[in-house]
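A quick write-up on the structure given underneath.
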Amino acid sequence: MLENIQTPEDFRNFTFAQLAQLSNEVRDRILSVISETGGHLASSLGAVELTIALHYVYQTPIDKLVWDVGHQCYTHKIITGRNGQFPTIRQHNGLSGFPRTCESPFDVFDVGHASTSISVALGIAKARDTLGEKFHVVSVIGDGSMTGGLAFEGLNNAGALKTNLAVVLNDNKMSISPNVGALSSYLNRILTDPRYNKLKSDIWELTGKLKGVGSGIRNVVGRLDESLKHLVLPGKLFEDLGFRYFGPIDGHNFEEMVPLFRNIRQNISGPVLIHVITKKGKGYKPAEENAPKFHGIGSFETQTGKIKGKRDIPTYSAVFGKTLCALAEKNKAIVGITAAMPAGTGLEKFAELFPDRFFDVGIAESHAVTFAAGFASQGLRPVVALYSTFLQRAFDQIIHDVAIQKLNVVFCIDRGGLTPDDGPTHHGAFDLAYLRCIPNMVIMSPKDENELRHMMWTALRIEGPVAIRYPKGEALGVEQTEPYEEIPVPMPEIVLKGKDVLLLAVGEMVQKALSVAAILKKQGITPTVVNSRFIKPIAHSDILSLTQAHSHIFTLETGTVRGGFGTAVLEAIHGCLSETRKFEMIGFPDGFIQHGEKERIYQELKLTDNNIAEKVINTITI
């Protein structure tokens, strides 16, 4: 059946039984492919029937489906002409793991971060009204994304504007008791029935013409829906924001979803919220039982759910989490804060050991930073663990609530540099540049996991905000030394002494600089390799001294060269550059980097060891 589906038009005449069969085939397809490629599995398995039902009722791509985050979009891709390409998902030059307008007219808006869909959908709906066009707009947002303030800003504005917009809340944290489920289905059928809505409208118009008693009756009529629904249903918040609420309904049951979606599309005007209950990992037992593990996962064995090729080398995230636990054992002032990423950032063990000092604030990065500032203002030592790409959502709070007051907040920035499979919405390319311009900020980046531990120790002894930035994935497997040592700020480390060529590297690029040095040595060139450690402040005197001892200076970083580490070095040494002393920055270009395997991306950016060595050789021979 699935092989014959190219667009939703191919299944819009299916029976519910055929839709159920199609769902099973789509679920098998997702499981088969993602077990080999890795990806966001649990969310997509949970949204199969919901996605098919939406495309079944709404006339996409004329009607617009706006996905939040995009973790749940695999079914959407498969049934909109991309099933044949699906095995390329998250691969170099393959399908993106998120909606991308360049891939298909069914992808309405590029997305990757949470809580954006309602605002986007509202903008599209108001553009439709402004242009005098006629189509339906649906935002599909998960309960996790609903914890983000931006989602409520969109809801608030949509409720006030009263434009035609449907928001589907995909709730996989709630279950429906049989009684509430049956009653909600009955009420939903009544409240979307065109006869009920016409009768209500007629009474409203009639009572508006009556003198004396009209306003009182109108008040009763206007509150009729509310009175019925608030007896048993959880939608009062949305009603108070100006939405008509329908649900909760079973997001795996076509007999519930299709009639409701159809009635809303045909009969209901104004902003509507449809509350749909789904189960993450639906249809695959390991994912149903451990949804966090299968949220974003590498390749795995389908029979057991065991991750393939897992090595014993810890990740940077794991080292961070273990170190924070050790530090918190002795320092009772430490609190751990994250924004819906306790597993991804390595804080699960901390949460278990120190439940009273751990705070997962939901998808609310701005709140996380200001929340941490409150702790710091009372003498505690908050450690905020966020992915680089998500920290940028809290830029104003870092300045306004932390840096201006020079509060002691430690930002542990995971996924600095490439997050290869996820692409431009997730690469940590801009953190060094946007943090470096903030006064009072100290920024560090370790060359390996052992140095990460010592930087964490150091950060807790610095007065004012500190950021420690480290990459995604496996660390280097180096020995982790005791006791902790405080690293003098902003002292760099010379890891290889040479002459003529100076390689100033930061973070994971230190190891790459050493590999480049080994290639250059075979060509008779012996560079000096420096682990700069600090991006801010820069060790002006040390770097100037090193610069004056070399004729060619190169900076290496896994971030944009526009305003990043290389720019900081250039600002420090520009006065001593000349025709005989040259400087070049090596890092990410001024553009957005696509998804793919890490080494393939490095090849494309000309950042492999051989590429960099060739650049050095070409520069010094000019």
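Even glycines carry a Cβ here, placed using N, Cα and C.
TrEMBL annotations: computationally assigned, not manually curated.
The annotation thiamine diphosphate binding site is assigned in TrEMBL to HIS71, GLY112, HIS113, ALA114, GLY144, SER145, ASN172, TYR284, GLU365. Cβ-based neighbour count (10 Å, all protein chains) for HIS113 (thiamine diphosphate binding site) stands at 20. DSSP classifies HIS113 (thiamine diphosphate binding site) as coil under the three-state reduction.
TrEMBL lists ASP143, ASN172 with the feature Mg(2+) binding site. Every protein chain shown contributes to the tally, and the Cβ of ASP143 (Mg(2+) binding site) ends up with 16 other Cβ atoms within 10 Å.
Per-residue pLDDT, averaged along the domain 'Transketolase-like pyrimidine-binding' (314-478), amounts to 98 for this model. Positions annotated as domain 'Transketolase-like pyrimidine-binding' by TrEMBL: 314-478.
Rounded to a whole number, the distance between the Cα atoms of HIS71 (thiamine diphosphate binding site) and ASP143 (Mg(2+) binding site) is 13 Å. If you draw a 10 Å sphere around the CB of HIS71 (thiamine diphosphate binding site), it holds 25 other CB atoms from the protein chains shown. Taking the Cβ of GLU365 (thiamine diphosphate binding site) as centre and 10 Å as the limit, one finds 28 other Cβ atoms among all the protein chains shown. Annotation for GLY144 (thiamine diphosphate binding site): spatial neighbours ALA114, LYS173, ALA340, GLY362, ILE363, criterion Cβ-Cβ under 8 Å with sequence separation of six or more. Those residues noted as binding thiamine diphosphate (HIS71, GLY112, HIS113, ALA114, GLY144, SER145, ASN172, TYR284, GLU365) have their most widely separated CA atoms at a distance of 31 Å. Under a cutoff of 8 A between CB atoms, and with a sequence separation of 6+ in the same chain, the neighbours of ASN172 (thiamine diphosphate binding site) are SER43, GLY46, GLY142, ASP143, ILE277, THR278, LYS279, LYS280, ALA291. In the three-state DSSP reading, HIS71 (thiamine diphosphate binding site) counts as coil.
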